[in-house]
Amino acid sequence: MAELVERDDSVVAGLLAKLKDPDTNLPAKYRILFSLRGIAGPAAHAAMLEGLKDPSALFRHEVAYCLGQRQDPAAVATLKQILKDEAEHPMVRHEAGEALGAIGTEECLSAVRQHVQDPCQESRESRYYSVDPTPAAPAATPLPQLRSSLLNEEEAIFERYRAMFALRNRGGSEAVEALGASFAAQSALLKHEVAYVLGQMQDAHAVATLKSVLEDERENPMVRHEAAEALGAIADTQCIELLRKYATHSEPIVADSCIVALDMLDFEQSGSFSYADTGAAAGGEAAALQPAAA
């Protein structure tokens with residue numbers, strides 16, 4: 001289980017009250033969630049579950065992710081319910097599958113395997129990343145071979161992930177170009193993971209590709225979400241302008257992703273120690289972009 005700290009229940013109650021306050025904007029909810037994630041005990045767990053009632057699918061997906069990070073078996077029943085809920089957003093269901101994999105009990109893995117024939121692609125493919133840990137392909141593998149494996153639609157998704165991680169570890173413009181070419185793939189799960197690793201690389205050569213993904217109205221919102229976060233990680237002038245532009249987009253997941261990415265960027269530039277250290281409402285530009293509660 002992840003290392004958690006003890007806090008008085010009054011602290012958790014205060015965070016929960018703010019989380020449920022309709023005037024609390026999305027960046028502030030993220031800060032509260034990250035605070036709750038690190039607090040031990042059933043009160044913090046119950047407070048996190050309240051976040052699954054939030055209207056933002058992006059936030060609900062982040063709650064599922066945090067439940068997986070805590071590795072608390074108390075979350076298993078809830079995560080199993082999310083995974084099988086066909087009315088839930090596919091991105092949230094996928095994250096619930098990954099969270100079950102992170103907790104890793106046989107009950108969790110069995111639940112994920114049951115969705116191997118799920119009509120929802122995101123849920124069906126969750127098993128590849130949550131049940132089967134994916135090591136990078138050997139470092140000595142030639143880059144053309146890694147590229148070929150990543151782009152081969154007939155290749156097992158496990159092997160495509162191995163190639164993806166090896167390209168991330170390799171770095172450089174050729175690796176970035178190979179990763180970017182995979183956005184033509186059929187699998188939204190693979191593409192969203194590619195966007196994530198491009199953000200990890202923080203290579204400006206990826207900006208044009210990530211820009212195209214964020215702007216593509218036909219692309220899965222889960223993939224556009226990761227592209228926004230990756231642009232926030234690279235954080236050059238063009239990236240920031242794109243995030244500002246799409247922070248008012250009509251697709252809520254896209255807009256919310258840009259709002260949170262801008263807020264996290266504000267935090268990093270402020271020199272503050274921990275994004276979760278207060279749970280106060282986010283200030284600055286990102287907060288101003290957050291729509292007022294209806």
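Any Cβ shown, glycine's included, is placed from N, Cα and C.
Predicted, not measured: the structure shown is a model, and the values here were computed from it.
Per TrEMBL, the features are:
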BINDING   His61, Glu62, His94, Glu95  Fe cation 1 binding site
BINDING   His192, Glu193, His225, Glu226  Fe cation 2 binding site
COMPBIAS  133-142  compositional bias 'Low complexity'
REGION    123-143  region 'Disordered'
CB-centroid shell, 8 A cutoff, Fe cation 1 site His61, Glu62, His94, Glu95, site residues removed: Leu58, Arg60, Val63, Ala64, Tyr65, Met91, Val92, Ala96, Glu98
Rounded Cα-Cα span from His94 (Fe cation 1 binding site) to Glu226 (Fe cation 2 binding site), Å: 14
Euclidean distance between Cα atoms of His225 (Fe cation 2 binding site) and His94 (Fe cation 1 binding site), Å: 14
Alpha-carbon spacing, His61 (Fe cation 1 binding site) to His192 (Fe cation 2 binding site), which is rounded to whole Å: 14
Inter-residue Cα distance where the pair is Glu95 (Fe cation 1 binding site) and Glu193 (Fe cation 2 binding site), in Å: 12
Nearest-integer angstrom distance between the alpha carbons (Cα) of Glu62 (Fe cation 1 binding site) and His225 (Fe cation 2 binding site): 12
Cβ-based neighbourhood (8 Å from the centroid) of the Fe cation 2 site, residues His192, Glu193, His225, Glu226 excluded: Lys191, Val194, Ala195, Tyr196, Met222, Val223, Ala227, Glu229
Rounded Cα separation (Å) that holds between His192 (Fe cation 2 binding site) and Glu95 (Fe cation 1 binding site): 12
